[in-house]
Every structure is written in structure tokens, then in C-alpha cells.
Amino acid sequence: MAGERRAERLGGSPSSAPPPCLPPARGKGRPGSQRPQLLLLARRSEAGVCVYLPQASLSRSFPASRAAWSSGEERGALLLASASAAGAGGGGGSGGGGKGKQAWWPLLSPPPRPRCPRCRQTRAERRPGPAGRAGAAKPRGTMARKGDPAASPYGEPRKFDPKFSGPIHNRHCTDILCCVIFVVVILGYIALGIVAWVHGDPRKVAYPTDSYGQFCGQKDTPNENKTILFYFNILKCASPIVLINLQCPTTQLCVSKCPDRFATYIEMQSSYRNYWEYFRQFCKPGFNKPRKSVTQVMRDEDCPSMIVPSRPFLQRCFPDFSTKNGVLTVANQTTFRDGRGKTRNVTDLREAANGINNVLDARSVGMKIFEDYASSWYWILIGLFIAMVVSLLFLVLLRFIAGILFWIFIFGVIGVIGYGIWHCYWEYHHLHGIPGSDLTIYDIGFQTDFRVYLQLRQTWLAFMILLCIVEVVIILMLIFLRNRIRIAIALLKEGSRAIGYIMSTLFYPIITFILIAICISYWAVTAVFLATSGEPVYKVMANQSLCKYANLTCYPETFNTTNVTKLCPGAQCTFAFYGGESLYHRYILVFQIFNVFVFLWLVNFAIALGQCTLAGAFASYYWAFRKPSDIPTCPLFASFGRAIRYHTGSLAFGSLILAIVQLIRVILEYLDHKLKGSQNAFAKFLLCCLKCCFWCLEKFLKFINRNAYIMIAIYGKNFCASAREAFFLLMRNVVRVAVLDKVTDFLLFLGKILVAGGVGVLAFFFFTHRIPIFTHEAPSLNYYWVPLLTVIIGSYLVAHGFFSVYAMCVDTLFLCFCEDLERNDGSTAKPYYMSASLHRILGKKELSPKKLMG
């Protein structure tokens, strides 16, 4: 149907046979009776174009034209004759009595010249050119045209096709191999999640674990009512072993409550026997006044040597620190006895707890943040809803006053830079004659205090020159690129119009958000289960530093039967961490890397699917000749179906390339984190260069992928071919690309900032009780910045979701616009598909009457 409509616009019929071409009346309308500029006299019939030429020229130029016409292979094609043939016809047709016969012939593409069966070349192609046999010779007097490969290294422009009217419907599956690999990887990812689910146990993260590998507070266990972890000798937590095994090298026991007094084991055995029942709950289960001596009990750590007033935090008992008159105390005491005959200061307890103080503070802040979210979540949702409404309003304003907004912003930037130039000149002139102001930056060298440089005239002179250069560059760009800026603004308006016709595209980011949320959730759960899928690993904890078995792996079931207790008195087989020696446990790190890689691949695939879907919908809008009547029904749903059915492999291919680069960047960031304290300057420099290069590579790949997905949505080709065609098309319009990209990015970024900033200011006044009407409605918060930052970040993401649709719309319309200029020329035979406003900005030819009416 689309091809038939296009044939009707050309004045022909897709199926009717051409009527016979009759010669004109003598002396009327023949080429010789007109100016030489009219090379051909063509007359449009119902099914084609007839041209009046001398028969000698026709026999020389189109020997098989009748056969071609009768076969119907080239019906409707339009080809201008060469200047030499037209000149011959013009000379011979003067007054109807020129040399040779004159006849009306259908003007058709010439048939292909016979090729050599061995080299598949014509005689002209085999003729050596100036550069040897490799170059094909051109006829004398001809010049390279824009469409010739020799004229542009970025391929030939698109040719006119009367049957093309938007996204191709007759497609086939692309990049099938990558699609198969993608499906296999997803199945493997699901299998990895199942295996991690079987072996993992998130309780190891949620619950503290005692020295026997048992969870504190876990239901249906002996420790069900013992939810708090107690350290026998917390002073040992200051040992460097804590950093090695991430466990304190002392016996850890699950208890129901923390101690609330100072006491020692020696005191319980001598002076305070009445407190034994209280003290015994902090000993190992089953220990009740054995015949062991105090020394043996302390060596085997059957009971703690001391207890100090503590409070539960993070489900662990920590000393109850307080400050009195600037002095650190525990239960109003500054000293205590350690149960081994020594008097210690409470600062020793603080040093022992310093390693986890940050964790404790974070837990306290986390609880308060959770309380703030619980009391303000509905106000946060209201703020996000306001951000959505403002984003929609901004898109509507872009449709009507995009040009005004842009020029206001541009002249505002010019004014700000102009003020900066004046201020730099004023500072430069003001510092004249002040001692030391005439020194150069080289004279004072490197200074950490930046204010030193502001006292130099050279600094302000450099700033003034830099700002002048920027000002001149902006003004020159506005002068020489004003028409392309107008095209960019027109495309912005056209994008708003397209979104207005296909309103469903505004809600597609919700689908992308859901897909990405599923990917993030699955990745996080799998990572937790992988991290907790280890088995309990026990280490030998010895008080003697010279014990050769210290920190070696042991087994509690057989530990007492070994000679470790004899060689290292007091040594214990204590739970250290979770790990394992099996093949699965040895490759957990590889599985974690695979988890991250597939996560990046799936997230990029979800984004690619959204971009391809939106591109197909907006391309359907652009290539509709009469808008909105020619726009297909449900273009967004149809584009989504085409992307999933035919191009899953191509989308997976593009997202795979991007995921590999992102994984390399993650690894580089990890290495950079590990080398923070390194003194190797060369390694830091090399790492910095690699990070910069891969950042640029990722940005370039995102740009290429985005445009490749647009071409995939339109033509249905594979990823590589689509990326190549998109890149060549953009390079043939490189100036337009640069201007459009920057104008669009600037306006949309400004829109995001305006939305997030405006809603953020409103949220600030609300949560700080500065709006009189809502003083009582505003919740009381621990930290008002918690909901405030949530509203600002959420508003920016909401605006980004809406504006990403807008940006994809503009990018798609721009590629279609560039192809429209290459395919068509604005004539009645080849009318533009662009809107009348966009066509007027081009200032080329008039639109066809039907287009103007549309």
C-alpha cells in the first residue's frame, strides 16, 4: 500500500502498462525551439515519463530501452540523459527538420553493460586509470559527484526509492549467533542463581555468628532467645589478626543480654560468690564451677576474665562509653581491672572498639534514616509526582517556545562571559602598582593556596584571554552555524509534535525501569548468596605469638585430639569466616565476576531494547507522508514486537560490546582503589590513562550503538551493517551532528536541572517547616536532608526518563531528516517527508502541494 501511494504521488500507477508515447506536433515544444538549458523535453504520462530525443542518440544511449520497458523491471525509473546526447538532440530538432529521426521514448535506466565472465568487469572498468590498473578511468570531461565513492570516503548517499515509506515490515532475524549465545548466557545465569541459592545462606550476613558457627537469635536453634554476641575479651579486638580474619581472636558467645556491671572471674570465685549465677551466663554452656584452676579457666577461655558494662548495638555487646566533663568513662569509671591482676584505662577499651566505631555510627545513622523514610515516604512520592508534571510541562513548552528558550540561554551565556571579561579586566587594572602583583606564575611556583594566584595580574590576564576566546568562538558559531541551529531547534519542536502524536512513548521508560530493577535485584540477591555460600572455616587462635599453628585451619571435632593444645597451651579452634576448599568454593570469585558481567549485559540490553523500540515508533511518524493520518496504528507496540522478534541478537551484540568495556572500567576502578596508597607514580599514571581511554571508548560506543539501533529499527539489518550505515550517514552530515547534539544536550540537561532544582527548592522549604500553610503537615525528621536528597535525585531520574524519550525522538528524527535530504529533492516527483516548518528553514525548494496541504 505504501508503494502504491508513493507511485500515485509520482504520477504513475504501480501496475498499469504505459500508453504509447506519441511525438509532439511539429514546431511545438521540441528541444531545438527552446533555450539550451532545457536539455530534455519530458512529458509525464499516466505511468511514466516520455522524452523527446533524436533516435540516433537513443540508439546510442539506450539500445535496449524498449525491451526494458516491456519487461517492467525499470518501470518508473527516471534518468536524465547526458549533455552530449541532449545537445545532439537539440541541434537536430530545430524546427522539426534536424538530422535523423525524432521519436518519443520512455526514459529508462540503461541496461547493465556486458561483463567479462572471468573477471566480472566491463571494458570501461578494465581500462587502467591514472593510478594504474587498480583505478577505474573516468570519461573525459566528467567530475566526481557527491554520490561517488571517490567523492566521499563515507559511502554513497541514499538513492530515491518510491517504495520506501518508513520502517521495513518484511524483515528477517539478524545476528542469530549472538542471539543464541545471549540465550545460553541467560540460562547459565539462572543456573548460577539456583546453585548460589542452594549453597548460600544470607543469615550469615543478617545474624552474628558465635565461635561454633551458630547464629545468634535464629529460630528453632539453641540460640533462639540469645540474639546478642558477647566477646570474652574485647581487648583482643585491637589485635592485627582482626584485619586478617575479620574476626576478633577471642571466644564469642551468644547471650540474651549484655553485662551491666564491672566484674572479674577471680572476684566471682573469692569475694562475690553471690554473683556467680549472674556471671555464669557469660561462660560457655555447661560450665559450672569446675575443678579447674583459675589459670586453666583463663587459658581455655571457659569464662571471660572480666565483664564490663555494655549495651547491644549491631547485635553485639560493646562497652557503654560516655563522656563526663570531657573525660571518657564507662559506667562513670575511668579505670577497671582486667581479671589478670592489671588495672586498665577505659581508653584501652576504646582502642579495642575503634575498628568498628564507624560501623556502629553507620548503624545508628542508618536507623535514623530509616525512621525518616518511614515518616516522609508519601511526601517523597508527592514530590516525584510534581517532578513528573513539571517534566511534561517542559516538553510542552519545548514544542512551542523551544527557539525562545534556546536563544535566551545562549545570550545569557554570552552576557555572563562578557561580565567575566569585564571583571577580569577590572582586577587586572586594579592590581596595577601593588607590590608583588607583577610576579609570574613561574616565579612563585606551585602553591596549595589558590588565593595566592589571584593576587597576580598575570592570572587575571590569562582568565581574560581565555574568556575572550570562548566568547569569540560562541559568537562565530552563532554567525556561521545559525541555519543549522535553526534546524536543531526545528527538530526539537518536531520531536515534541511526534511525542504528542504517540503519547504512549512517554510511558515506555516505566518498562525499561522495571526491567533494570529486575536485573539489579537478581544481581544483588545472587551476589549475596554467592558471598554467603561458603562453609564455616575454623582457625587456630593462640595467645602465644610464636605458636607455629596460629591462624592455621582446624576442625573442632578433632581439635582436642591433636597435639596443638600441647604445643600451644591455650590455643583454641575458633570460627574465623566462611569459605571452602571445594571446586565451587574455589571459583566463587569467578562466579562473582560473571555475575557482574551478565548484569551489565542485561542492563545494556534493556536500554538498547528501549532505544530500538522508541526509534521504530518515531521513524514511523517521520516517514508518514500525511501526518497523522498515515501514522500506523500502535506504532510503539509494533516497534517493540519487531525488536524482540527479529533483532534480539543485534541488540545483544551491541550491549555485549558495551558490557565488556564497562567491566574493564570496573576492574580498573578496583585496581585504582587498591593502589591508593601506592608510591609507584608510573603505575598511577598508566592507570589514569587507561581509565580515561576506556571512558572515552564507552562514550563513543554508546553514541554508535544508539544510532545503530535507530537504523536497525528502520531497515532491519544486522548490528554491524546498521552501525556502519549510521556512522557514514552521520559523517556525511558531521556539522549538523555536532550542532544538533550540543543544542539538544544543552536544552535537555538544562531541563533536567530546572526540574530537579525547582522541586528540590520546594522540598527544602517544606521539610524545613518554612512554608506557613504546611507547617503542621511537615513531618518531624532526624535529618531533613534524607527526604530532600531523595526528592532531588528522584526528580532528576524522573526528568531523565521523560527527556530520554525526547532525546531518542530527536536523534531518530535527525537521522530520518538526513536520509530525507539524500533520498528526495522536494520536487513533485520526490517530495520531502519533513514538515513544512523544517522545510522552510532549509530554504531550498517548495514542497509539493499535497505536502503543504498536509
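Cβ from N, Cα, C; glycine included.
Listed in TrEMBL for this protein:
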COMPBIAS  87-100  compositional bias 'Gly residues'
COMPBIAS  129-141  compositional bias 'Low complexity'
REGION    1-37  region 'Disordered'
REGION    86-157  region 'Disordered'
TRANSMEM  176-198  transmembrane segment
TRANSMEM  377-397  transmembrane segment
TRANSMEM  404-422  transmembrane segment
TRANSMEM  460-481  transmembrane segment
TRANSMEM  501-525  transmembrane segment
TRANSMEM  593-625  transmembrane segment
TRANSMEM  646-668  transmembrane segment
TRANSMEM  709-731  transmembrane segment
TRANSMEM  746-767  transmembrane segment
TRANSMEM  788-808  transmembrane segment
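Contact between the transmembrane segment (709-731) and the transmembrane segment (646-668) is present: at least three CB pairs lie under 8 Å, with pairs separated by 6 or more positions in sequence. Comparison of 460-481, 501-525, 593-625, 646-668 by number of C-beta pairs under 8 angstroms to the transmembrane segment (788-808) places 501-525 first. Between the transmembrane segment (377-397) and the stretches 176-198, 501-525, 746-767, Cβ pairs under 8 Å are most numerous for 746-767. Non-local neighbours of the transmembrane segment (404-422) in the same chain are 397-398, 463-464, 467-468, 470-471, 474-475, 478, 485, 489, 492, 743, 746-747, 750; each lies 6+ residues outside the stretch with a CB under 8 Å from one of its CB atoms. Spatially, the transmembrane segment (176-198) is not adjacent to the transmembrane segment (746-767); fewer than three Cβ-Cβ distances between them are under 8 Å for residues at least 6 apart in sequence.
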